[in-house]
Amino acid sequence: MESLGRQSYSRKEKSLGVLVSNFLRLYNRDDVDLIGLDDAAGKLGVERRRIYDVVNILESIGLVARRGKNQYSWRGFGQVPPVLSLLKEEGMREKFGIIPCVTNSEMVLYDQVREEPLKLSPDDQENSPSPKLDSKKEKSLWVLAQNFVKLFLCSDDDLITLDGATKALLNVSQDPMNMRTKVRRLYDIANVFSSMNLIEKTHIPETKKPAYRWLGAKAIAIAEARFLAAPASLCDRIEPRKRAFGTEITNFTTKRAKTDCSKDRKHYESQNTCSVIKQEQCDSKTAVKRPLPPADTSKKTNAGKSNNQSIDVLENLSSAHTLQYCNHELTGLLGHYTETWRTWHAEFGRK
DNA sequence: ACATCCCGCCATCTC
DNA sequence: GAGATGGCGGGATGT
């Protein structure tokens, strides 16, 4: 415990992107139904507050759905394309008053989603308790995330800068402070989506300004396979060059100290603490230790104090699960999901 | 210096 | 009233 206390702080290891990757690897399984927020926080070794960020963003694209107090359900990657379709439709309507052409196969999935009360926009909620609440919803991370996605789906531009997104998603004439706040949120959202491979960070060639490119459905299919805790060989093959998100479970250690920042850390020790876990996770030889932990939703773990538990869970995920999935399902899965997504690729995946 | 974004305070909502 | 939720922005970290 205490030995971890003085461990130097690395911001990247604590990023939302890493957290989301870990979250997805933890819950992207067939046997997952309900996700308890406390449980997630405990297993991932973060505060509850961060889990809210994660589920809000994931909910915006249909990966999870709120089921009640403290409870979300895992909907899975298969739910994303229909949601993207709806977002595109909604975005186009808002923008041009046009509904894009929808193919038959698209309609099937589209209808499936519609049957359930999938929360797609705040207005879908039949009862709007108060105008105040509405205005709060408008500002929510969830809505912002959806609008961010719409920008990509409905824009002709291949690249979107955060600046541009901020302006597009805010009424012009916002005060600079409000702007700053929004940009912070967009950074959060962009981190999450890029760690999922939905978008990728790049630069505007001319200006060198940072920008994001929509990668689309096909990329998600790959991402999904990736979050099944693939073995090293596969990890390396499908891991994008840019960020190493999705390979480390690292949110269980040091916190940023308000004042005590470790000066000795000049750069991210790119694969430091995590590399141990990363290696282990991808090393099939170490992958036979303990049986999988039961989905323990009853345990109220105090976020941040569950380091050992986190490691246990992650090791389990990385060992037994890796073998299980890799040996039996991964090969088939890749093909299966590529197939499922192919229909959508033309629509959502640029190039 | 500027870009990025973690962290946790605290207002608000829900039970 | 207590606990859940999540907007918000200070300020630390990264480039």
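Heads up, the Cβ atoms here are built off N, Cα and C, so glycines get one too.
Taking TrEMBL as the reference, the stretch among A:239-261, A:285-307 described by the feature region 'Disordered' is residues A:285-307. Mean pLDDT for the domain 'E2F/DP family winged-helix DNA-binding' (A:136-216) in this predicted model: 84.
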